[in-house]
Amino acid sequence: MVSEQEPAYKVIFVRHGQSTWNKANRFIGWTDPNLTKTGELEARVAGQVLLAAGYEFDIIYTSLLKRSIKTAWVVMDELGLHHVPVVTDWRLNERCYGALVGRNKKECVRVYGEDQVKLWRRSFDVRPPPISEDSSLWPGNNRKYDFLERALIPRTESLQDTQARSVDCWDNTIVPTIRSGKRVCVCGHENNLRSLLKHLDGVSDDDIRHVELPRAVPLIYHLDENFKPIRLEGAAPHLNGRYIGDAEEIAAIMARDLANVYDLSVESNLEESDVPHYAAKLDDLLQPCELTDDAFGERGGLDELNCRESDIEETPLFIYKSHEDAARARV
Ligand SMILES: O=C(O)[C@H](O)COP(=O)(O)O
């Protein structure tokens with residue numbers, strides 16, 4: 001039976017926006033490419049979708065990788081939550097893709113076949129071949145990880161390996177924070193989030209093969225007092241949580257991502273297509289327009305105690321149709 005009763009706790013998961021290596025269709029893992037402009041826009045739309053749905057956070061957890069950290073910043077920017085801590089934790093890093101890191105995913109399908117690449121990407125316990133410790137792409141050669149015990153720096157990881165550290169972070173860091181009454185967002189990666197959701201929802205080793213996460217689409221979870229998910233109406237397949245966004249847009253994102261790796265008849269790189277997909281139908285949610293003092297309604301224009309007009313450097317990309325939302329977005 002589907003329940004929409006007020007849960008004991010809520011938590012939101014968001015995968016980062018497009019990075020330069022997503023755009024190039026490469027395996028990324030612990031490598032640290034930047035967000036693209038499209039990725040930043042994806043993150044902005046995620047923030048706006050959350051704003052429109054009335055979400056606020058007291059803390060956001062993310063990895064040590066800048067595609068997720070910057071996504072978290074952009075989401076919080078859209079929510080007007082610049083003062084809220086963005087806490088980084090290596091345990092929320094993407095799964096280490098071993099020797100596949102840097103390789104083009106569709107090229108790997110051509111060379112190794114669809115079944116092998118599916119095993120590497122979506123199975124629970126299969127590790128890709130390990131990366132050499134001599135490689136500049138091995139995270140152990142990145143001084144960012146100097147603080148981490150060397151034995152903990154992976155040369156490759158299965159989803160199961162990733163789950164061990166993600167769940168450790170969930171149980172010992174995130175759950176106590178949620179229990180203390182803080183409203184939490186977790187901004188992460190396809191596989192570290194898949195591993196966490198597998199744990200939370202008790203998804204079987206077989207079913208987890210079919211769980212794919214679209215980029216920058218907020219996924220809401222309602223939890224009971226024991227931190228068990230309460231199934232939501234419209235829940236994503238195999239999960240108990242529900243995406244916030246337009247169902248058709250989300251389906252288009254999923255179809256694009258699958259075709260971009262596995263459909264060998266598609267020669268072009270769909271990440272480079274001129275028609276990006278976002279979690280929202282932009283026409284429904286957003287309306288580009290001029291920012292005027294009137295947009296701030298009863299707040300009587302800009303608050304001179306906190307902000308001079310010259311401090312506003314850029315016109316926002318999108319302004320809400322609703323003036324009330326626009327005012328909240330800029331608080
Ligand atoms: O590390 C990567 O390549 C991506 O973040 C996720 O990749 P996947 O969708 O191929 O698992």
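Every residue, even glycine, has its Cβ placed from backbone N, Cα and C.
According to TrEMBL, the features are:
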BINDING   15-22, Arg67, 94-97, Lys105, 121-122  substrate binding site
ACT_SITE  His16  active site, tele-phosphohistidine intermediate
ACT_SITE  Glu94  active site, proton donor/acceptor
SITE      His189  site 'Transition state stabilizer'
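When the Cα of Arg67 (substrate binding site) is compared against those of the recorded positions His16, Glu94, His189, the shortest separation belongs to His16. Neighbour count (other Cβ atoms within 10 Å of the Cβ, all protein chains): 26 for the residue listed as 'active site, proton donor/acceptor'. It is 13 Å from the Cα atom of Tyr97 (substrate binding site) to that of His189 (site 'Transition state stabilizer'). Ranking the binding-site residues Trp21, Tyr97 by how many other Cβ atoms lie within 10 angstroms of each Cβ puts Trp21 at the bottom. With a cut-off of under 6 Å between the Cβ and any atom of ligand 1, the recorded positions Gly17, Ser19, Arg67, Glu94, Arg121, His189 reduce to Glu94, Arg121, His189. In this structure, Gly17 (substrate binding site) belongs to neither helix nor strand by DSSP; it is coil. Counting every protein chain shown, 31 other Cβ atoms lie within 10 Å of the Cβ of His16 (active site, tele-phosphohistidine intermediate). Annotation: Arg95 carries the greatest number of neighbouring Cβ atoms among the recorded positions Arg95, His189 [cut-off 10 Å, Cβ to Cβ]. For the binding-site residues shown (Arg15, Gly17, Ser19, Arg121), fewest C-beta neighbours within 10 angstroms: Arg121. Neighbours of the residue listed as 'active site, tele-phosphohistidine intermediate' among the recorded positions Arg95, Arg121, His189, defined as a Cα within 10 Å of its Cα, are His189.
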